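What TrEMBL says about this one:
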- 32-57: transmembrane segment (TRANSMEM)
- 77-102: transmembrane segment (TRANSMEM)
- 179-204: transmembrane segment (TRANSMEM)
- 216-234: transmembrane segment (TRANSMEM)
- 254-275: transmembrane segment (TRANSMEM)
- 295-314: transmembrane segment (TRANSMEM)
- 326-348: transmembrane segment (TRANSMEM)
- 354-377: transmembrane segment (TRANSMEM)
- 389-411: transmembrane segment (TRANSMEM)
- 417-434: transmembrane segment (TRANSMEM)
- 472-529: domain 'CBS' (DOMAIN)
- 594-681: domain 'RCK C-terminal' (DOMAIN)
Amino acid sequence: MSVEPISPVVVRRPSSRLSRAFDWLRGTPAGLVPLALVVGLGAGLGAVAFRYLILWFTEFFSGHADYSGAGHAVNHLVPRLGMFFVVLAPVVGGLIYGPIVYRFAREARGHGVPEVMLAVAERGGRIAPQVAVVKALASALCIGSGGSVGREGPIVQIGSALGSSLGQLVRLPEKRLRLLVACGAAGGISATFNAPIAGVFFAMELILNDFGAESFGAVVLTSVTAAVIGRAVFGDAPFLHLPAFHLTSPAEFVTYVLLGVLAAVVGLGFVKILYGFEDLADRIWRGPEWLRPAVGGLLLGGVLLVLPQMYGVGYPVLAGAVEGHYVVWFLLVLLVGKVIATSLTISIGGSGGVFAPSLFLGAMAGSAFGLAAHAALPGLVGSAGAYGLVGMGAVFAATSQAPITAVIIIFELTGDYSIILPLMAAVAVATALSKRLSRDTIYTLKLRRRGIDILRGRSASLLETLTVAEAMQPVPAPLAHDAPLDDVLSRLAEGGDPAVPVVDAQGAYRGTISVRQAEAAARDNELDATAADLATAVPALSGAQTLASALSLLDNAEDDGLPVLADDGSELVGWLNHRQVLTRYRRQLADVAEDARSEPRKLGGFRVVGLTLDGNAGADADLAGRRISEVNWPPTTRVMAIRRDDATVPVTGDTVLENGDRLSVLVPAEHADDLGDLAPRPVVNV
């Protein structure tokens with residue numbers, strides 16, 4: 001592909017009135033109000049349009065408004081295929097949305113929320129405007145043709161893209177642009193679930209990670225506006241018609257705690273299997289990415305043929321579970337089937353969310369647990385439906401580690417305050433176990449697998465990214481516990497250390513003696529005192545502690561330095577003082593500065609990215625030997641220069657790439673990550 005000079009563009013200065021209006025929107029607290037209202041209006045209308053789009057595609061592909069509750073019914077549009085039409089529906093759908101996503105917005109693939117979190121955490125809230133349209137179309141096609149995913153993740157990405165587009169149009173600063181992205185996410189959840197409070201906390205807890213007053217007010221305003229739009233179209237009825245809840249006995253809290261444990265196992269198992277399927281699909285698939293959803297759709301169709309309840313979102317099946325329509329063994333079959341169907345849909349390149357599948361799994365696990373508990377303890381355990389409701393919130397909490405959102409969403413779905421206490425108990429247990437066993441959520445894990453750790457990026461200080469083990473120095477020569485005062489004074493004078501550790505005959509740490517303590521003992525004529533008598537217990541550190549937490553202990557300690565102990569708390573492995581913390585901090589600052597110099601440069605929404613074709617398995621191996629024009633570059637991408645063997649190679653569309661080439665590529669910032677997934681351009685025979 002040839003590189004042409006950019007033609008000059010005449011930029012007209014906006015009118016002073018429009019400029020003043022934009023300045024007011026950008027720089028005043030009151031300016032957030034109209035922006036939040038517009039985003040809420042857009043998110044609400046987007047959610048309505050998205051739901052109707054899913055309904056239309058579902059009726060087209062299956063002949064029913066929601067095929068998951070239709071059993072093995074025949075599609076009246078293709079009666080000759082009988083129930084086997086479900087094998088072909090995902091294939092046809094994949095043939096349509098696969099090329100659309102690949103060509104126009106690859107970030108529309110998958111479940112959506114991680115991309116929004118990444119935009120807020122590392123891209124200043126910038127999301128490509130076309131994402132809203134592509135995500136809506138791709139997800140509606142995927143769900144309508146049988147993809148076993150949810151619509152909440154897509155509507156979060158759609159609403160966020162609308163908020164980002166508005167913010168970029170007004171040229172908002174990054175802080176406010178991030179806030180509008182979160183507003184769009186809140187509006188999407190609010191209008192979809194008819195749950196404005198849950199929308200607010202979803203955005204604040206998962207997307208923005210900020211509960212500031214200004215942020216909270218804007219997100220609330222957007223969420224309420226979107227909810228009003230949704231209720232005007234769909235009415236004020238609950239999103240799901242769920243059974244009434246009651247607590248049989250206070251002793252029943254024990255069973256809800258056990259349900260929280262089960263929910264953590266189910267949630268973490270779902271996350272592990274989901275990404276395991278993705279890894280397997282990546283290893284197996286060798287064809288063009290745009291064809292992957294269609295080919296994988298054959299496997300998904302086979303699952304739907306056996307379990308049609310997995311078709312689409314599956315809310316009728318979820319409601320049937322909590323209403324007590326299924327027996328235990330079938331609930332477990334539905335649980336396993338949903339894990340497989342959702343994991344398969346996402347791994348083949350489908351577009352849809354994992355929010356609804358988490359609720360589905362919770363309903364199945366909770367209802368099965370409730371039926372079993374009621375059979376074992378009929379006088380103590382209430383209805384299985386109550387356990388299904390609580391299981392929904394607990395499994396979502398385990399996958400997302402967002403306990404506030406989990407509690408609020410179930411409360412708003414039921415409108416029953418009496419469920420709050422057992423729900424909070426189960427959610428707290430599920431969240432605690434999830435955090436204990438995994439630092440990542442179902443959303444952040446997708447990013448960390450791509451080398452993006454937004455959890456670390458949210459840390460307030462570099463000290464929170466460094467550990468004691470990275471900064472500590474070797475242990476000062478310790479004193480034996482029976483050393484007399486004279487030896488203690490001599491050791492402190494010779495070593496020049498302000499404090500030294502004391503160990504017993506077995507080498508176990510027994511305390512610390514400072515110069516101040518030894519001098520005080522000498523002044524008081526405590527000549528018979530030993531090191532054990534003078535040693536005092538000071539806070540000990542572990543190698544895994546962050547320097548931020550260690551610094552707070554150092555500030556409160558009287559002595560200059562603290563011991564670092566092994567995991568068992570007995571053996572001394574190091575010593576840390578303020579000097580080591582400062583030295584390591586300065587070194588880290590230097591590393592960060594060096595990284596910043598080597599980061600891809602940002603040029604007005606574009607980045608200059610360096611690529612090296614090293615010939616390893618993957619995209620590099622496929623690109624070597626190809627002309628530049630044969631590579632499926634992201635939209636508006638230009639190869640600016642090629643270095644080969646310390647020489648510059650002329651860049652044209654006919655330039656053939658070779659292993660070892662070093663390319664400088666100008667790419668839109670929102671497509672920079674796509675350069676890691678380059679592939680040859682598909683050959684189309686006409």
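Each Cβ is built from the backbone N, Cα and C atoms, and glycine gets one as well.
Of the Cβ pairs linking the transmembrane segment (326-348) with the transmembrane segment (417-434) and spaced 6 or more residues apart, fewer than 3 are under 8 Å, so the two regions do not touch.
Mapped onto DSSP helix, strand and coil, the domain 'CBS' (472-529) counts 20 helix, 15 strand, 23 coil. When pLDDT values are averaged over the domain 'CBS' (472-529), the model yields 76. Contact count against the transmembrane segment (389-411) (Cβ pairs under 8 Å) is highest for 179-204, out of 77-102, 179-204, 295-314. If one looks beyond the transmembrane segment (254-275) by at least 6 residues along the same chain, the residues whose Cβ comes under 8 Å of a Cβ in the stretch are 335, 339-340, 342-343, 346-347, 354, 357-358, 361-362, 365-366, 369-370, 373, 377, 380-381, 387, 390-391, 394-399, 422-423, 425-430, 433-434, 437-438, 442, 445-446, 449. Only pairs six or more apart in sequence are counted, and the transmembrane segment (179-204) with the transmembrane segment (354-377) gives fewer than three Cβ pairs under 8 Å, not enough to call it a contact. For the transmembrane segment (216-234), the list of distant contacts is 32-33, 35-37, 39-41, 43-45, 47-48, 51, 159, 163, 179-180, 182-184, 186-192, 194-197, 199-200, 203-204, 208: same-chain residues at least six beyond its ends, Cβ to Cβ under 8 Å. Away from its own ends, the transmembrane segment (295-314) comes close to residues 54, 58, 62, 66-73, 83-84, 86-94, 143-151, 281, 285, 287, 333-334, 337-338, 340-341, 344-345, 347-350, 356, 360 of its chain (Cβ-Cβ under 8 Å, at least six residues beyond either end).
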